[in-house]
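Written below as structure tokens is the structure these notes are about.
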């Protein structure tokens, strides 16, 4: 029951993190739009020929794309830098306090961005500064939730469980879009304030109900290592079980030993110590290129469909969500296969190998009719996001509880932060490169994505071998 509760709670926690990131992409179209289609208010001071009267300064200028890009990059770069620091703090502070504080601050900064509308703020530095602060505090989320889930779940079905659990990313994106869409055409500030309030409220619930370790509620720690792919006997002296002690142990003496003995707190691992864990460097660099591909699709796919397939803006937006649907399926599939084969690196490598030709095919034949588009988008989403989901969840949890640590699971937050922090550099680079390359033709963007995919695959060769 506790395990199920922790899984659901952490799912909602990270859904809120992603929900608070999404409004900016929805509100962009409101900050700069075609004002000639709207009726100019009677008492407005703008001239009749002014085509930017409905835009929100400073985004009413001709260079609005660069300004909106600066707001995006402020968040992504701050997030990438902050992630490396976040894991180190996550190891040394109680997760419940760290995660609660992160959610409250994230809710605050998300709301402050929207309050710029009600306070009539028209200076770029305000919005950039808010995004930098939000990017930094959002780094508290991922290492903390992966650490918490890793503390509660052993290696047995970790891939499948985390594959299903990882769908919080897509659920958060969808919720963020829906909530922001309600107010975007009237008072767009509420598109940020409402998700901010929900995130802060979730932070309060996290403080009240999050249980960091199974031992805190008299349950035994899960088995993190397996021999020959099988769980060891849960009642053996080395492993006191995967369930509540009182259910596993029959005698009062053994139950007392299980629940009352003080848990020895291991020391937190250093940054360099985490890098020396076998596989951390390879998976981190692999995720850099895998996340580069994934985030390029996330930011540029609607525009690509709009330009190449000549669908309407709404149809392009609706179609692009199929990539996320494929991503959910790919994450679950990758987790399931890697659990059965006991080969995380091999699973990632095979999916990456298949993703490269599929991206090439999507660019060449994916736009020949709506059926082709739907099928190719789901397949591409599964193959691109499958390895990304697996590395950020099950692989991070595996490496953070690696047998070389001799039972010291305190490395989990640092390892997760290193892997996701390196991946976040790719997330910031991908959309930026696509923006620079797209004027030369969409084919070149896809060649860049395929090259990144192949590099991600090559970086795993040693682990696969």
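Even glycines carry a Cβ here, placed using N, Cα and C.
TrEMBL does not curate its annotations; it predicts them automatically.
What TrEMBL records for 244-253 is compositional bias 'Polar residues'. The annotation domain 'Major facilitator superfamily (MFS) profile' is assigned in TrEMBL to 1-465. Annotation comment: TrEMBL describes 224-259 as region 'Disordered'. Residues or ranges marked as transmembrane segment by TrEMBL: 67-90, 97-119, 125-153, 165-184, 190-211, 280-301, 321-338, 345-362, 374-399, 411-433, 445-464.
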- prompt: Which residues of the same chain, at least 6 past either end of the transmembrane segment (374-399), have a Cβ under 8 Å from a Cβ in it?
  reply: 142, 146, 149-150, 153, 155, 158-159, 162-163, 165-166, 169, 277, 279-280, 283, 286-287, 290-291, 293-294, 297, 319-320, 322-331, 333-335, 338, 344, 347-348, 351-352, 354-355, 358-359, 361-362, 365-366, 411-412, 415-416, 419-420, 423, 453, 456
Message: Give the nonlocal contacts of the transmembrane segment (411-433) in its own chain as ranges (CB under 8 Å, at least six residues past its ends).
response: 69, 72-73, 76-77, 79-88, 90-91, 95, 139, 142-144, 146-147, 150-151, 268-269, 271, 273-275, 277, 280, 283-285, 287-296, 298-300, 388, 391-392, 395-397, 399-402, 405, 448, 452
Statement: Same-chain residues at least 6 beyond the ends of the transmembrane segment (445-464) with a Cβ under 8 Å from one of its Cβ atoms are 279, 282-283, 285-290, 292-293, 296-297, 300, 304, 343, 345-346, 348-349, 352-353, 355-356, 359-360, 362-363, 384, 387, 426, 430, 433-434, 437-438
Candidate ranges 97-119, 125-153, 190-211, 280-301 - greatest C-beta contact count to the transmembrane segment (321-338) (under 8 angstroms): 280-301
Message: Within the same chain, where does the transmembrane segment (97-119) have neighbours whose Cβ lies under 8 angstroms from its own Cβ atoms, ignoring anything closer than 6 residues to its ends? I mean 6 or more beyond.
response: 13, 16-17, 20, 23-24, 56, 89-90, 126-127, 130-131, 133-134, 137-141, 144-145, 148, 187-193, 195-204, 206-207, 210
Surrounding residues of the transmembrane segment (280-301) on its own chain - C-beta under 8 Å, 6+ positions past either end: 25, 72, 274, 320, 323, 327, 345, 348, 352, 355, 359, 380-381, 384-385, 387-388, 391-392, 395, 399, 415, 418-431, 433-435, 438, 445, 449, 452-453, 455-457, 459-460, 462-463
Query: Mind checking which residues reach the transmembrane segment (125-153)? Cβ under 8 Å, same chain, six or more beyond either end.
result: 2-3, 6-7, 10, 13-14, 17, 20-21, 24, 70-72, 74-79, 81-83, 85-87, 90, 95, 98-99, 101-103, 105-106, 109-110, 112-113, 116, 161-162, 165, 210, 212-214, 221-222, 392-393, 396-397, 400-401, 409, 412-414, 416-417, 420-421
Task: Give me the mean pLDDT over the domain 'Major facilitator superfamily (MFS) profile' (1-465), rounded to a whole number.
output: 81
